[in-house]
Amino acid sequence: MALCLWLFLVLPICCWCQGAVDLGDSGVFQPQSALTDMEFASVSTYRGPGNTDPRPNKELPILLWWSSNLFPHFPGDTERVDCAHSSCLVTSNRKVQLYRRTASIIFYGTDFRAYEAPLPRLPHQTWALFHEESPMNNYLLSHSVGIRLFNYTATFRRESDYPLTLQWLPSLDYLLAPTAISLQEKNHWRQAGLAPVLYMQSHCDVPSDRDRFVQELMKYIEIDSYGKCLNNKPLPEYLEDTSTATSEDRRFMSFVARYKFHLALENGLCPDYMTEKLWRPMHQGCVPIYRGSTTVADWLPNNHSAILVEDFSTPRELADFIKALDQDDVEYLRYLKYKTPSEITNLRLLEGLESREWGVNDMSKPNYLNGFECFVCDKENERLAARKAHRKNPKQNQPPQPKMANSSHMGCPLPSPGYGPVENVEPNDSWLQMWPQDYWQSLDQAEGLESLIRHNVSEPSLLWQHIQSIAVRRARGLSNDSR
C-alpha cells in the first residue's frame with residue numbers, strides 16, 4: 001500500500017491492479033443510502049452500435065461529476081448512460097465518492113479547487129478533467145504538477161485525450177456564410193467616418209494584457225473602441241445590452257460587420273486556445289487581427305485569412321500594414337477567399353471538423369460534455385475489464401497500463417505584458433500585481449495538492465500547511481519532494 005501511495009508522484013493511478021482497491025469493500029466506503037435510488041436511474045434512449053452491455057444498473061461502474069454547478073443531464077442527479085461500447089451510471093451525488101464502484105471522478109476545470117479536492121484519493125479511482133474555457137480561469141492546470149493529477153483530459157489543446165480545439169467553430173458552413181456587408185459598403189462607411197479597425201471588449205483586466213497592446217496600436221492607426229475597455233465611442237442605444245461582444249444578436253452582428261478589420265485578441269495566450277473572437281469576424285467576412293493561440297496558423301482556412309500580430313515586430317509596423325491593406329481592395333479581398341469552398345485548403349481544419357464526434361448545435365451528434373462523459377465511461381470499462389482479466393490469469397493477461405496527463409494537455413505560459421518587456425511595467429500596475437502572481441500561486445497550490453495526495457491526507461484544508469512546508473524546504477535549499 002505504501003508503494004502505491006508513493007508512486008502517485010509519477011503514476012497517480014499506478015495502483016489500478018493492486019489489492020488497495022479493496023479499500024472500497026468495507027461498509028464505511030459504501031454509503032448505500034446514496035445508491036438506493038441510483039440502482040433505478042433512468043435508462044438513456046441512445047445505445048451505441050457497439051454497445052451490447054447487458055448489465056443492470058447495480059453492476060455498472062459509477063462516474064461522479066464533482067462540480068456542483070455542472071451535471072450534463074436533466075432532471076435529477078443520476079443517469080444511466082449507454083455509450084458507444086459500454087454503459088455507466090453517472091451522478092453528481094458526492095456521497096458516492098468513497099464507494100468501491102465509483103471508478104472515476106470528472107472535474108470541471110474552472111471550478112476545480114485544490115482546497116476542495118476529494119481526498120483521500122483512492123487508488124482505484126481515476127480523475128478526469130473537462131476544461132474548455134480560458135487558461136485564466138485556473139492556472140493550476142497549466143503547471144505540469146497540476147495537470148499530472150488527471151488521467152483523462154478534454155481541453156482546447158489538440159494533445160488532450162478528447163480535444164475541444166474547434167469548439168467555437170460550429171461548422172464549415174459557418175465560415176462559408178456569405179459576407180454580411182460588401183466591401184463597397186464597408187468602404188462607404190469608412191468614408192462616412194468609421195475607423196478601419198474595431199475593438200469591442202468589456203473584459204479589461206486579463207492575462208493577455210490586450211489593452212496595453214491596443215493602447216500602443218492606437219498611436220498609429222484609428223480604432224473605434226465601443227466596449228468598456230479603452231472606450232472612445234458609444235454604442236447606439238439599441239445595442240447597449242450587447243456591449244460585451246458575446247451576443248450574436250442580428251442587429252449587433254450587422255453593426256460590427258461594417259468594419260473591415262476586427263481586433264481579435266484572446267484573454268489568455270496558449271496554444272490552440274481560439275474562441276469566437278477569431279471565428280466570428282471570419283463568419284461575417286471581416287479580417288481578424290489576431291493575438292492568442294501561438295498555433296493559430298495550424299487551423300486557419302488557408303495561409304491568407306487572418307492578420308497575425310506575432311508576424312509584426314512592433315505595433316507601428318502592424319498599423320502600417322493595415323493602412324496599406326485598407327487602401328488596396330484587391331489585396332483585402334484575398335483575405336476573404338476562404339468564402340469559396342475550394343479556397344479552404346487547410347486539411348487539418350477540414351479533417352478536424354469532419355472527424356470530431358461531438359457537435360455544436362448539431363442534433364445528430366452529442367455535445368462535448370456528454371461526449372467526454374462517454375469517452376471516460378468506455379475507457380473505464382476497458383480498464384476494469386483488463387484488471388479483472390489480469391486478476392483471473394496474471395500470466396496470460398497484462399495489467400491495465402497507467403495513464404497520466406502531461407503539460408501538452410493544457411500547459412499555458414506565464415502571462416506576459418501586451419506590449420514591451422515586463423521590466424518596463426510599473427510595480428504598482430494592476431496587471432503585474434494580479435496575473436503573474438496568480439500564475440505562481442497556482443503552482444504552489446498544485447504542489448500542495450500533490451503533496452496531500454502523496455501523503456494520503458483525507459482533509460483538503462491541510463493544503464496551506466503543505467504549501468508552507470514546501471516553501472520552507474525550498475528556502476532552505478532542500479529538494480522539493482513533490483516533484
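Backbone N, Cα and C define each Cβ position, glycine as well.
Per Swiss-Prot, the feature transmembrane segment maps to 2-21.
Among the features that Swiss-Prot reports, topological domain 'Lumenal' is placed at 22-483, with the record citing sequence analysis. Taken as a whole, the topological domain 'Lumenal' (22-483) shows an average pLDDT of 91 in this prediction.
Under the three-state DSSP scheme, N151 (N-linked glycosylation site) falls in the coil class. When Cβ atoms from all protein chains are considered, those within 10 Å of N151 (N-linked glycosylation site) total 25, not counting its own. Taken from Swiss-Prot, the feature N-linked glycosylation site applies to N151 (among others), supported by sequence analysis.
The N-linked glycosylation site annotation in Swiss-Prot covers N303 (among others), and the record cites sequence analysis as its basis. With a cut-off of 8 Å between CB atoms and residues at least 6 apart in sequence, the same chain places A297 near N303 (N-linked glycosylation site), listed in sequence order.
Annotation source Swiss-Prot lists disulfide bond at C374-C377, citing similarity to another entry. Sequence-distant neighbours of C377 (disulfide bond): residues of the same chain at least 6 apart with a C-beta under 8 Å from its C-beta are P61, L63, V81, C83, S86, S87, C88, V90.
Look at Swiss-Prot and you will find 387-425 tagged as region 'Disordered'.
Of all Cβ atoms in the shown protein chains, 13 besides its own fall within 10 Å of the Cβ of N406 (N-linked glycosylation site). According to Swiss-Prot, the feature N-linked glycosylation site maps to N406 (among others).
What Swiss-Prot records for N428 (among others) is N-linked glycosylation site. The DSSP secondary structure for N428 (N-linked glycosylation site) is coil. Its own atom aside, the Cβ of N428 (N-linked glycosylation site) has 7 Cβ atoms within 10 angstroms in the protein chains shown.
In the three-state DSSP reading, N456 (N-linked glycosylation site) counts as coil. Taken from Swiss-Prot, the feature N-linked glycosylation site applies to N456 (among others).
Feature annotation from Swiss-Prot assigns N-linked glycosylation site to N480 (among others).
Comparing C-alpha positions, C374 (disulfide bond) sits nearest to N151 among the glycosylation sites N151, N406, N428, N456. In this structure, the CA atom of N406 (N-linked glycosylation site) is 9 Å away from the CA atom of N151 (N-linked glycosylation site). Its Cβ placed at the centre, C374 (disulfide bond) has 28 other Cβ atoms within 10 Å.
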